[in-house]
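Colleague: Submitted below is the structure of interest, expressed as structure tokens.
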Amino acid sequence: MSAEHYRTKATDVSECAQLSREIFVNPRAVILLALLVVIWGANWPIMKIGLGHVQPLWFAAIRLGLGVLAMVAILLPGGRLRLPPREDWPVVASIGILNMGLFMILTNIALLVVPAGRSSILAYTTPLWVAPGAAFFLGERLTPGKLAGLGLGLAGLLVLFNPLGFDWSNADALLGNGLLLLAALVWAATILHVRHHRWRASPLELAPWQMLVGCVMVSALAAAVEGKPAPDGSFELAWVMIYNGALATAFAFWAAVTVNRLLPALTVSLSFLCVPAGGMVFSALILGEGVSLTNVAGLGLIVAGVAAVAVAGARESTTPPR
């Protein structure tokens, strides 16, 4: 075999050893990452419960408002709550309007008609669309590994939408599933916009302002479309909103920033693939949703595809130019 082959193998072994060292050196970060995956996975059925008590747009607005308050509580004691620099305004606007505002609107409306487990799978197809989008808009290389991952992910979507496992005559189901795929595309567009952004403030310091922008936008739209908020005042809605605002939004954002700083990017990316699996499992446990063979097979292919894209991206970023 060639010397290049052995150099590649040595690099692979070195990367695995480095990954193992970083994981064992940061056990608290691993625990935090696992907690984050559980919180986000469980939130899919929890959101569906909450949508039975308040309108979908107002649900998103209240969630973002509570997220702002929780982020202020996190940043204020350390003196890190400050106005964003002018250079960061574009990313504050794009994440606030698209990723926090429009994404939540689309997923909340979809959850009214689509099972929570299936919703989590479709929403987390986002990384599949980032790879071709980056190639088309940013001129990044679409490597064989990324193409293979995209092919696996698209095969998973074909499984999810096959005529034996999906009712194409159900207009509500078509709309809901379409909105979830659109939400994934919106998320992907945000990632493409911020990928090469030169941050002046940290993502954590910008988070409350992004949530505030999203909250203002969604509140205005909710007032125009749904009228006054009409929560039923139940205890169930109260804990759902606290969970969404404090845990799934503010704490989860802080946790995501923390684990991305302490653990390898590939470890974090692959771990986030457990979120849709968690969404499906928690939806079965909490809501009694059935776990169909179609959903399991589709999820498996999509997870494999996203993992292939993530691994290909990690290899590309760590491979020195020849």
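Here the Cβ of each residue, glycine as well, is placed from N, Cα and C on the backbone.
TrEMBL does not curate its annotations; it predicts them automatically.
TrEMBL feature annotations, pasted as is:
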DOMAIN    29-161  domain 'EamA'
DOMAIN    175-309  domain 'EamA'
TRANSMEM  29-46  transmembrane segment
TRANSMEM  58-79  transmembrane segment
TRANSMEM  91-115  transmembrane segment
TRANSMEM  121-138  transmembrane segment
TRANSMEM  150-168  transmembrane segment
TRANSMEM  174-194  transmembrane segment
TRANSMEM  206-225  transmembrane segment
TRANSMEM  237-256  transmembrane segment
TRANSMEM  263-287  transmembrane segment
TRANSMEM  293-314  transmembrane segment
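Are these features on the surface or tucked inside, and what touches them?
Modeller: For the domain 'EamA' (29-161), the mean pLDDT of the prediction comes to 93.
According to DSSP, the domain 'EamA' (175-309) comprises 110 helix, 0 strand, 25 coil.
Beyond the ends of the transmembrane segment (29-46), by six or more residues, the same chain brings 23, 111, 116-117, 119-120, 240, 243-244, 247-248, 251-252, 255-256, 258-259, 262-263, 267-268, 271-272, 274-279, 281-283, 286-287, 289 to within a C-beta distance below 8 angstroms of the stretch.
Same-chain residues lying 6 or more positions outside the transmembrane segment (58-79) and placing a CB less than 8 Å from one of its CB atoms are 47, 50-51, 100-101, 104-105, 108, 204-205, 207-208, 211-212, 214-215, 218-219, 222, 226, 229-231, 241-242, 244-246, 248-251, 253-254.
Same-chain neighbours of the transmembrane segment (174-194): 90-91, 94-95, 98-99, 102-103, 106-107, 109-114, 118-119, 122-130, 133-134, 137-138, 161, 166, 168, counting only residues six or more beyond its ends whose CB sits under 8 Å from a CB of the stretch.
Through the fold, the transmembrane segment (206-225) approaches residues 55, 57-58, 60-61, 64-65, 67-68, 71-72, 75, 81, 83-84, 88, 91-93, 95-97, 99-101, 104-105, 199, 249-250, 253-254 of its own chain, all at least 6 residues removed from its boundaries and within a Cβ separation under 8 Å.
Below 8 angstroms of C-beta separation, residues 32-33, 35-36, 39-40, 43, 46-47, 49-50, 53-54, 59, 62-67, 69-71, 73-74, 204, 207, 211, 231, 268 of the same chain, each at least six residues beyond the ends of the transmembrane segment (237-256), sit close to that stretch.
Away from its own ends, the transmembrane segment (293-314) comes close to residues 117-118, 121, 124-125, 127-128, 130-131, 143-146, 148-157, 159-160, 162, 164-166, 265-266, 269-270, 273, 276-277, 280 of its chain (Cβ-Cβ under 8 Å, at least six residues beyond either end).
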Colleague: Against the transmembrane segment (263-287), which of these stretches has the most C-beta pairs under 8 Å: 91-115, 121-138, 150-168?
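Modeller: Ranking 91-115, 121-138, 150-168 by Cβ pairs under 8 Å to the transmembrane segment (263-287) puts 121-138 first.
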Colleague: Under an 8 Å Cβ to Cβ limit, what residues of the same chain, 6 or more beyond the ends of the transmembrane segment (91-115), are close to it?
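Modeller: Counting only partners 6 or more residues beyond its ends, the transmembrane segment (91-115) has Cβ contacts under 8 Å with 44, 47-48, 51, 56-57, 59-60, 63-64, 84, 122-123, 172-173, 175-177, 179-180, 182-183, 186-187, 189-190, 193-194, 197, 199, 206, 209-215, 217-218, 221, 283, 287, 289.
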